[in-house]
Each structure stands twice: as C-alpha cells, then as structure tokens.
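Step one of this worksheet: look at the structure below.
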Amino acid sequence: MSSSTSSVESVEDESCSNECSASFTFDTNNNSRGDQQVDELAEETHMKLSITPTRESFSLSQLERIVTIGKGTFGRVELARDKISGAHYALKVLNIRRVVDMRQTQHVHNEKRVLLQLKHPFIVKMYASEKDSNNLYMIMEFVPGGEMFSYLRASRSFSNSMARFYASEIVCALEYIHSLGIVYRDLKPENLMLSKEGHIKMADFGFAKELRDRTYTICGTPDYLAPESLARTGHNKGVDWWALGILIYEMMVGKPPFRGKTTAEIYDSIIEHKLKFPRSFNLAAKDLVKKLLEVDRTQRIGCMKNGTQDVKDHKWFEKVNWDDTLHLRVEVKKLIGIFLIPIFQPPIVPTLYHPGDTGNFDDYEEDTTGGPLCSQRERDLFAEW
C-alpha cells in the first residue's frame, strides 16, 4: 500500500475498482547499521529470517502489532508477530467506514476472495482474515525486502539483465493468475515486493477481478493504463500485458514511456502513443516492449492464440530457463579471485539483519485511533468477512 504513485478508478461501477550479469545488495534507506561484526551476524542469520507460518487459524489477540510499514487511502499495513510461534506477518488493516465512503466494498471482497485461491512463489500469501467492530484485517505473508520501487528509485534504472530477471518472474505470475481467469489490473513497481532472497512477490490485489469476458470501468494507475481502459471499450487480461510493457520500459529507463504533468496529460500521451526509446535501450527488449504496447489488443503479444507462450518465446527471453525461473533457481557467475564461480542469487538481495527487520520500508506515523467508527449498516456489508 504505497502512496508513491496514486491509483485511479471509475466510481460509476464499484465492481472495478534467470540470467543476470551482476549481484547487488541495497539498503534503500541508506542507514548505517553497524560494524563488521553486525555484517557477519547478518550473513549467518540470513537464511533464518523467516519462520514458516504453521497456524491454520489466527486470532488478533495472538498477534503483537509492531509498526506500520505501508499506508493507503483507507487502510494501512503493519508488521505483526505471532506471540506463540514468533512468526512475522503483514497485517493489512482496513477501516470499514473509509472503505464504504471510498466505494471500495466490492474491491475489498474481491481482494480477499482472489488472494485466498492463489498459491504461487511470486505472489504474496494470504493466511486468514479477521474483523472487529470498526476494521477488517487480512493476515498476510511478510515480505521483508520492501517495494521494487525503492530499489529502482535508488539505482535510477536497472540493467537489461536485471529487468529481464524480474520480468521473467512477473510473466510466470501473470500466466498463473490468467489461467485462473483473474486479471490483476495494477501492475507497477510499488506493488512488487522483494522476498528476503530477492525474488518478486506481487502484492495488493485490490483491483484484481475474476473475468469471464470483459469489464468496462477504469482501474489502475494512470501511467500504466491501457488504451482500451481509457476508451471504455471493455478490457480483459490484455491490460496486464500492456502494463508489463510499461514496467519493462520503466525498469530500464527509470520512468514510464507515457508521461505528463497532470493525469489528463498522461492519458493524452497514452492515446497519442508517442513511444520513444533511448539509444541505449536493448534492441530485443525494445521489440518486446513495442509488442506489449500494441494499441490493438487483438494483436498484442500475450493476447493472441498462443497466449503467454508467445511472450516466453520472445527473443529477449531466449536465455531464460522457465522451469528454473518458476523453481527459483538462479545461476550467476561471480568473480572470486581469478575464478568465475557459479552462485545462486537474484540480482538484488535485500539488506536484512534480523527477523522482522523493517529497514527496507519507509517510516509512517502510527495511527492510535483505529480510524472512524462505523455504523451497523456498514458492518453488515462485511457480515461474511
């Protein structure tokens, strides 16, 4: 739940709302975390940072709520710790009155329903839901690496091989959710988290929707909206492939291809489709981005007869072993002395020093009020929560 880039939606219909050349470790807050002894301790404990959750049911009373790690228009995400097992979770807290006032009731129900059926290595897990008299709670996997947006902002842009690594994991995730008839509709760096090992975790499924055919309302972030969404001619999974094209471009350039000072100017830029690439942009990547940003969705790569396979078969991904990608096998060669030693490590490994480390998240003011009180009528909208 990032406030870095705003998402938009139409209020007319509430139903919407493995190759890498180098390895880097980022501390996105640029904090000094201690001396060499601390670094050595981090090295030793790196593989022990997450306690795998084993509880099939949760009670809020069993969770110690520690600190806010994300904030949105009608809710926040907090780090929480199970007092019994010691496991850490991300606790999404949604104020019922704010959800209703923002006409997000159906979105919230959609997110819960979608997340509970998703089980994939590149998608954040949801374990349980709870509610009290004023708030809804979603108990989710804590992904300690923070947002991809933070790393992209710190480095300004990613190399061709880094962008390909992350894009390949996103392709696998999109293939999976599309196979279930689900459209994501909010792909952007702020919604992509990094696991402690450095793999992608897609988060925030508030705009996700199960689709049989098309939906017609505008959902998503202005920079990432597809032309058919703006034209209200109906959209489907093609909007996710369009967004992937925007994301690849932004990863490699540092900013999205269609820009403007206002939302209206961004929309005009998308409709005019003046797509320009820096000279340094990899040619194979350029070809893929052009095919993903095809205005005619029937001719857009990923949307034709062969679906995702066309994307996987594109020449930009020719060095990707898709089975290795899906099973988190990443081989890179690191120069140690005079030898190139194969190691298994994503291009960015988050800086972490202990279980529950929140150093890769921004600081937020804590909310001690619990949000505005809600009425019984508003509570009844979530009677089955």
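FYI, residue positions are counted from 1 along the chain as it appears here.
Here the Cβ of each residue, glycine as well, is placed from N, Cα and C on the backbone.
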Given that Swiss-Prot records ILE69, GLY70, LYS71, GLY72, THR73, PHE74, GLY75, ARG76, VAL77 as binding ATP, the matching residue among LYS92, LYS112 is LYS92
Helix, strand, coil: count each for the residues of the domain 'AGC-kinase C-terminal' (318-385), based on DSSP.
-> 10 helix, 13 strand, 45 coil
How many other Cβ atoms sit within 10 Å of the Cβ of THR73 (ATP binding site)?
-> 13
Across every protein chain in view, the count of C-beta atoms other than its own within 10 A of the C-beta of VAL77 (ATP binding site) is 24
Recorded ATP binding residues, ILE69, GLY70, LYS71, GLY72, THR73, PHE74, GLY75, ARG76, VAL77, LYS92 - maximal Cα separation rounded to whole Å = 15
